[in-house]
């Protein structure tokens, strides 16, 4: 959502910090917060003025008309404040229909004043600009300010100066206070603009001879402007409306939402309720809540929420487990219902999101059965068949009753089933699988001939425009036709999947050439990107610079902007500098409303139509589609969006626009054009803009509008119909009717879906539309029936002529999508069994990285997982780490370290220097671990005694690997060997090979004291003992790891630490290029050459 209410304390804190005015504002920062946990001694220490001044106390919990409700204590001493708070603090209170606990109060200095010194000031945002209201009689009895106050509209990008304030607002204000008031209101407006407020009311504003006092303040800020205002706002809190508690689960989901590109929302309405929802889509979530309330479930509705924007499997798992946890805390005598609903997704992989929900259901299967939960599922969109399949499977395997439905079932039908208002079908009809649409040959089956318009052309010569004359449909310069079969677009953003979807749509519509001419992506250089046009591969240019793209593609008149919310404004502003662009679609959600209004103003000046922000876009069947609109090809074909029908629609929601595609295709001859204007409070183009376009488009025979709670745009349709400007039949339904039934305000999924006054409620708008002559169903459940009824009447009157269906061309399926659907298989080029990075978290040999840290497995444990696919005993992990420590380095003189140093001093980088050192490891340097392990193992396993082994090796003239040291001896032992030997003997369950090697050492050292078991030999034999006797490996596995060189890996890994150390050491010491001295080189040349 966008506009969010803040507490009075937060509002005043920001005001006192950042307002700039010549008026003397008194009592700055003089307020004290009191809660049930307040330490009064500490409070007095922080606010000593509490003891010396008369005080005012009031709740700060977004409660309106506190004075009228007797919730303000005035002119009290500190003891009086405490007495006043005693029966109220922490107690339950009822305000209107809402009941809640009073637990947050504000104490401020009492300001003695007269009624004549009280004024009313309010600033609030609208599409056209910001209204400033002023009334010279403020206070508790101010009354209907809309009717009484002086009002001034400050247009977008305009400034409010003191002279205008005096002239238009301060007409009835006392002369001696006009200057102070003008300065304060001017500063207040600038403060309101700079900190992205959407509503700011002060009542009363008191002006005395001492200065200005802000007594009571109410405010809302645009929460989407957080990235702009973070420095000034700080960590701002948004309290829930009075009567609704702030639950930790709501905060948890809000935190998930903030960290995700997807949208995740949760509001708890009644935690003891019986009916729970988990709905995909901002618009769909409102429709489901409406239907539940319409069918009498308002008192049992437990939550409102939605997930959308393609959340990952892990995100939907976290969201689902939160809801399942909440609904299984308290039992209900009638059991509970979970509605997992949603419209037809445009781009969300339904199977992926459902797999997250299925995981959560499996985890909570015990509590779900215990609480007698029945689950109803309805969804459509990409890969939805697989999603429904896994959902049905989990019902069978867990024994939880789960009823699963797809696009063949009306979206809200499951609500009626869940509440017992309609029967649950035993075998619901199943929609065709994706492959059936995409892989069948065009002529393989006979094509039915449903009703549709007689011609595929955009307009027919025998069509007659409406007879009634009226003002032009669009603002001057804006075209009634946005898209045609020849429309060309530029896509801003590296959205290859969306572009391929547009090209597939173009191909199935039999367009002559692709609709995407170029892409703009400022983060790479100019290049070309490969796409498919049917079977062929084509290249589409990608430009770093928008100017280059526009210059090289003058035929383009549409820009589809996939820029993020932070850059969408700037990129759209830049786009409007090019006269060739007539339509811009802004996909991003979360653009601050103040910036959107600037976009709208410039678009109106330039004659540009903006669709969005916060939209999936729009579609004109047979001609053009924006980005992901209409979903994947299976939905395009199922909803017959490859050719035009007779019905045009406009909605706010992208998901609901796809649902309308489905409803319209099932009840009429199909869609002529459909636009989702976006869920923000100020969409770039309005319902009326598009309705008037449709009215003036000959091919459109009827219009469908899916309105929404919030705003007043739908009333313009009422006026258009009553004044005769709109003559075509209009079917309209405004979603959000349930809002009137809730005791406290609910902000629905879309930023604009919140009524600020009675006229903005869905109920009021539906009633007005009906009275104006618009076809209005009784509920969304009946929308399809009304559309069908109006359509059939038009067919009966001959307005729409049935025509033969023409099959679309076959489009090849993408390989990656076909593989995901399980339609094809191909041998993988690579196989891996140790690590999987594809999911929400990294997995080492089946163990999530979080578990690795939780179990404190350390480097040895991780090495065990990655090298051996085993979770090794703790002593084995410790032994591996000790091996890495003792092999880490052996000074700069050894060949590997020497090479590393030479390379580093030659100016090479770390990787080159490290590699040069590692390349010296072999039989002569570092390779003795493997050789020692193999040699001792072979001797031990063959059954020969140590003396026989020594004699045999001597006879064959071979060295015993792992025996001998240049410096160390039996009299000067190697401490590395001693440490490891002690550890192994103390912790290993058995050490037969180590014992054998030590017996060999006794024989060799009796001949020469430096023929000791060295560190390579000890690690080699001890490692074999570990593999064979730790219990994690079979004998075959242990032998295989020795054969494939696992032991050399220990030396390579350990010594890499030392080599890197030598590299960093040389760089730190700033050593220059090394040249070996001549006197250390013996030049031995052939005699005849030296002569």
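If you go along the chain as it appears here, the first residue is 1 and each next one adds 1.
Every residue gets a Cβ built from N, Cα and C, even glycine.
The annotation in Swiss-Prot ties 58, 66, 67, 109, 111, 118 to ATP, and of the candidates under consideration, 176, 194, 216, 222, the one tied to the same site is 216. Residues 309, 346, 348, 364 are recorded by Swiss-Prot as citrate binders, and the candidate that the same record lists for that site, out of 378, 379, is 379.
It is 442-471, from the ranges 412-441, 442-471, 472-501, that Swiss-Prot records as region 'Disordered'. In the three-state DSSP scheme, residue 968 (N6-acetyllysine) is classed as coil.
Residues listed for ATP, 58, 66, 67, 109, 111, 118, 216, cover a largest CA to CA span of 18 Å.
Sequence-distant contacts of residue 536 (N6-acetyllysine), defined by Cβ-Cβ distance under 8 angstroms and a gap of at least six in the same chain, do not exist. Note on proximity: of the recorded positions 111, 262, 629, the one nearest residue 346 (citrate binding site) is 629, by Cα distance. Ranking the recorded positions 131, 364 by how many Cβ atoms sit within 10 Å of each one's Cβ puts 364 at the top. Long-range Cβ proximity for residue 109 (ATP binding site), meaning a same-chain Cβ under 8 A and a gap of 6 or more residues, is found for 27, 30, 49, 53, 54, 55, 56. DSSP assigns residue 364 (citrate binding site) to coil in the three-state reduction, placing it in neither a helix nor a strand. A distance of 41 Å separates the Cα atom of residue 58 (ATP binding site) from that of residue 309 (citrate binding site). For the pair formed by residue 257 (Mg(2+) binding site) and residue 263 (phosphoserine), distance between Cα atoms is given as 6 Å, rounded to the nearest Å.
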